[in-house]
Amino acid sequence: CWKVREHNSSEWCHFIRSNPDCRLDGGFLDYLDGVFCVFPPRLLPLAVTLYALWLLYLFIILGVTAEKFFCPNLSAISTNLKLSHNVALFSLTSPLHGVTFLAFGNGAPDVFSAVVAFSDPRTAGLAIGAIFGAGVFVTTVVAGGIALVKPFTAASRPFLRDVVFYMVAVFLTFVVLYLGRIRLGEALGERCGSWGCWGQPGGAVTPPHHSPIPGYLGLYVFYVLTVVLCTWIHRRQRGDGLAPPGPWEPELPTGVEEPEPSGTNSGDYGEEYRPLLPSRESSLRILSAALSPLDYRKWRRKPWYWRLFKACKVPVELVLLLTVPVVDPDKDDLNWKRPLNCLHVLTSPLLCVLTLKSGAYGLYQIQGIFPVWGLVTLVASALALIIFISTSNEEPPKYHCVFAFLGFLASAMWINAAATELVNILRTLGIIFQLSNTVLGLTLLAWGNSIGGEGSAGPQCPPGTPWGPPASPKLFLSPSTDTFSDLTMARQGYPRMAFSACFGGIIFNILVGVGLGCLLQMTSSQPLVKLEPDSPLVWVLAGALGLSLVFSFVTVPAQCFQLGKAYGSCLIAYYLLFLCVALLTEFRVIHFSSP
């Protein structure tokens, strides 16, 4: 499909529509047809500009959905599963939260983007480029920026543990790319040998293939167990007491500004103006208040650039408020909004069936007569009416926790839909500018997923939950890989936590992103996925990431874990050098022979 620009502009549309390689799998919009058939050739710059703006808006959609809907519902689910909200650093449940629910909440956009990209061999390079590119960016620019903002003493044992696991994960990916394929055993972590592999349905044994590497998902499970075991051992050594923080524990910051309490769905909607005496409100008033994404008092206090960014997010937040319920276990009423939640009973299932496989299932007609979305509308409307009649505005029902699972599913479908559009538009831009998927992944996709949103202090999830800002000293903070969040945490006195997040959060992204992304593409008749590098740039990426990890693994202990501006400057200079080499390789100024 890259050859479309080599033809005369009058032949672009015919070439796109007649070439099977130019067909975009999934998604609601055909971006290639739009840029080469809808827009005349002289308006190609305008089309590219519109696509670039839409790309930025897709990143906003991903960020808002994960931050204000996906992550809070994960918090509510953890509460309903009886997982402790006490997230003290050395409790056994805290590391389990941090490396499972927490990592999934913060890494959802990255993982969904990887899964979508791996679904098509033509876009697998996007996933590899994004995962490796984000790894290089976070472990150099973000980690270096933290050291520049506030020199500190790194957490020694967690740092060494995470760097070792991440180096193993990078090596596994390098081997998979070198072999050009990933098998079921390598994705899951089956026991393989000369006798074959177990783990197939029904206890079947696959033919022996002498898998040289363990599985991605199996390695992540081992990482989770290692974190829990290390925490348990350290607790035993401390005698479960509150000993003074050691050289690897997060220090208690002084003069840290408390984050603003979050409201119903967002940190933007506070409760500081809640009336002193409760009063009965009508359903219509509750619905209109719940659907308002703006806090007008806060709007007047904020600078103009915040207002501009907020104005861009309002349409997204309004649609999400209409379709995604949010359960807040830290509120007395659990964020029960009777009219809106009853509306969610209708809109959330409709959203799921109309976004699954880009609406293919929702538009399917039963017996060729009645569409699936119509059946879902009838059933959901009846259920919503029953719930509205049998509940009250003041008291949430006993089954209100079900709305957390419904919100989790609906927000996941939103993230998946946005990730699908994101991958398709990046592939379109690659065809327009004749760029490889790898360079688009390591730049646009990696930067978009790593830079983060508004630069709010601390993590993105509500305070007082396993994913939110600490409510008391020495609490575990979110291992977010967002640049602004990590730098803000460091500036406010949490540099060790922010630095640990750089290496801990991306382990989830690479192991689960590659493992799950490839696993979902396997079938019983084809238990492998081909991963052939689309350019020599892949090896530059793998080498650069491995070298940056080795550099930190050697220099950080050599400095007795005392990290300052020299270390930060070296990491940022290293990333700039890597970016220059990567771009020169992409434009064939530097030539590398592929393995």
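Numbering starts at 1 and runs along the chain as it is shown here.
Heads up, the Cβ atoms here are built off N, Cα and C, so glycines get one too.
The domain 'Sodium/calcium exchanger membrane region' annotation in TrEMBL covers 52-192, 404-451, 480-583. Annotation comment: TrEMBL describes 243-271 as region 'Disordered'. Under the heading transmembrane segment, TrEMBL lists 43-66, 87-104, 124-147, 159-179, 213-233, 343-364, 370-389, 401-419, 497-516, 536-554, 566-585.
Secondary structure of the domain 'Sodium/calcium exchanger membrane region' (480-583), assigned with DSSP and counted as helix (H, G, I), strand (E, B) and coil, comes to 75 helix, 5 strand, 24 coil.
Proximity of the transmembrane segment (159-179) to the transmembrane segment (536-554) is established through 3 or more Cβ-Cβ distances under 8 Å for residue pairs spaced 6 or more apart. Beyond the ends of the transmembrane segment (43-66), by six or more residues, the same chain brings 31, 34-35, 105-106, 108-109, 312-313, 316-317, 320, 324, 411, 414-415, 418-419, 421-422, 425-426, 428-429, 432, 444, 448-449, 452-453, 460 to within a C-beta distance below 8 angstroms of the stretch. Per-class residue totals from DSSP over the domain 'Sodium/calcium exchanger membrane region' (404-451), listed helix then strand then coil: 45 helix, 0 strand, 3 coil. The transmembrane segment (536-554) shares the most Cβ pairs under 8 Å with 124-147, out of the stretches 124-147, 370-389, 401-419, 566-585.
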